[in-house]
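Undergrad: Pasting the feature list from Swiss-Prot:
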DOMAIN    6-234  domain 'Radical SAM core'
BINDING   15, 62, 92, 153, 258, 259, 260  GTP binding site
BINDING   22, 26, 29  [4Fe-4S] cluster 1 binding site
BINDING   66, 116  S-adenosyl-L-methionine binding site
BINDING   253, 256, 270  [4Fe-4S] cluster 2 binding site
């Protein structure tokens with residue numbers, strides 16, 4: 001039976017950050033809400049916390065980083081997680097290491113991947129990521145399909161005046177590779193909304209979604225956040241598009257059923273908060289670990305609440321007017 005927080009939200013999945021190291025330097029990366037300090041969890045510690053979490057009803061895991069495939073023990077970690085999780089195990093990756101290990105990841109128990117591709121244009125890709133590895137990322141999409149790590153999702157963070165015009169080509173790439181395209185809103189906490197970088201690159205996805213909705217031939221709904229998945233036809237087939245819009249979105253928070261694990265061994269109750277983190281690294285007693293899990297769940301609270309969404313338009317309008 002799942003465990004519920006004070007707001008009636010069940011905890012059904014874990015989002016496990018394996019590291020903070022990455023071979024990209026995307027300027028908008030939130031690093032799963034952590035800094036680069038701290039010793040990483042061992043495979044044994046990860047398995048222990050997954051085992052305990054499963055006892056409380058967790059049966060789905062997302063692996064993240066940093067870049068999780070930079071860990072030499074990634075195959076072992078996936079295998080240990082699979083011992084206890086019969087549901088979906090997925091991983092978010094930039095894909096640069098994936099062609100070499102995709103089949104081994106699948107064999108170990110990984111079900112599918114999200115691959116980050118924030119522009120199909122080499123120069124814009126370089127500006128965003130600081131690398132020239134776009135060809136390796138595209139190869140990773142193909143390798144993931146070949147290995148059966150499907151459905152592949154392509155993560156595309158939409159950035160004002162930078163990659164918005166790349167969306168039509170991204171739709172083609174997704175259709176060519178039978179992948180789902182996730183258009184993701186640039187996300188930050190309340191304090192970050194006033195930063196020059198956020199105001200320069202954040203754009204509301206509502207107008208883009210309205211255009212896609214008009215052209216869609218069908219719609220499905222995502223289980224996690226009850227968000228729509230649009231089906232569109234193009235010259236390369238049918239493509240599915242999801243919009244991830246967490247910024248000042250109380251509905252997004254209301255449907256959150258995920259508990260996060262930081263790479264340094266903490267239960268993290270919310271991406272946008274660190275003051276409610278519950279450390280567990282070094283705890284080997286399973287009863288104590290169960291207590292810490294319960295404490296973390298009791299501290300879960302929606303970051304965005306009803307009333308916050310009104311400020312979305314105010315923030316957006318202010319940013320637009322000041323950028324003119």
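Placed from the backbone N, Cα and C atoms, the Cβ positions cover glycine too.
Help me picture these features in the structure, burial and contacts included.
TA: Proximity of residue 62 (GTP binding site) to non-local residues of its own chain (separation of 6 or more, Cβ distance below 8 Å) is seen for 13, 14, 15, 16, 89, 90, 91, 92, 258, given in sequence order.
Other C-beta atoms found within 10 angstroms of the C-beta of residue 26 ([4Fe-4S] cluster 1 binding site) number 16, with every protein chain shown included. According to its DSSP assignment, residue 26 ([4Fe-4S] cluster 1 binding site) is coil.
Taking a C-beta cut-off of under 8 angstroms and a sequence separation of 6 or more, residue 66 (S-adenosyl-L-methionine binding site) has the following same-chain neighbours: 17, 18, 19, 20, 21, 22, 31, 263.
There are 22 other CB atoms within 10 A of the CB of residue 253 ([4Fe-4S] cluster 2 binding site), with all protein chains counted.
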Undergrad: Do you see any of the binding-site residues 26, 116, 153 whose C-alpha is within 10 Å of residue 270 ([4Fe-4S] cluster 2 binding site), and which ones?
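TA: Those close enough: none at all.
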Undergrad: Can you tell me the three-state DSSP label for residue 253 ([4Fe-4S] cluster 2 binding site)?
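TA: In the DSSP reduction, residue 253 ([4Fe-4S] cluster 2 binding site) maps to helix.
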Undergrad: I need the CA-to-CA distance for residue 260 (GTP binding site) versus residue 29 ([4Fe-4S] cluster 1 binding site), whole Å please.
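TA: Per the Cα atoms, residue 260 (GTP binding site) and residue 29 ([4Fe-4S] cluster 1 binding site) stand 17 Å apart.
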Undergrad: Rounded to an integer, what is the Cα-Cα distance in Å between residue 29 ([4Fe-4S] cluster 1 binding site) and residue 116 (S-adenosyl-L-methionine binding site)?
TA: 11
Undergrad: Which of the binding-site residues 26, 116, 153 has its Cα closest in space to the Cα of residue 256 ([4Fe-4S] cluster 2 binding site)?
TA: 153
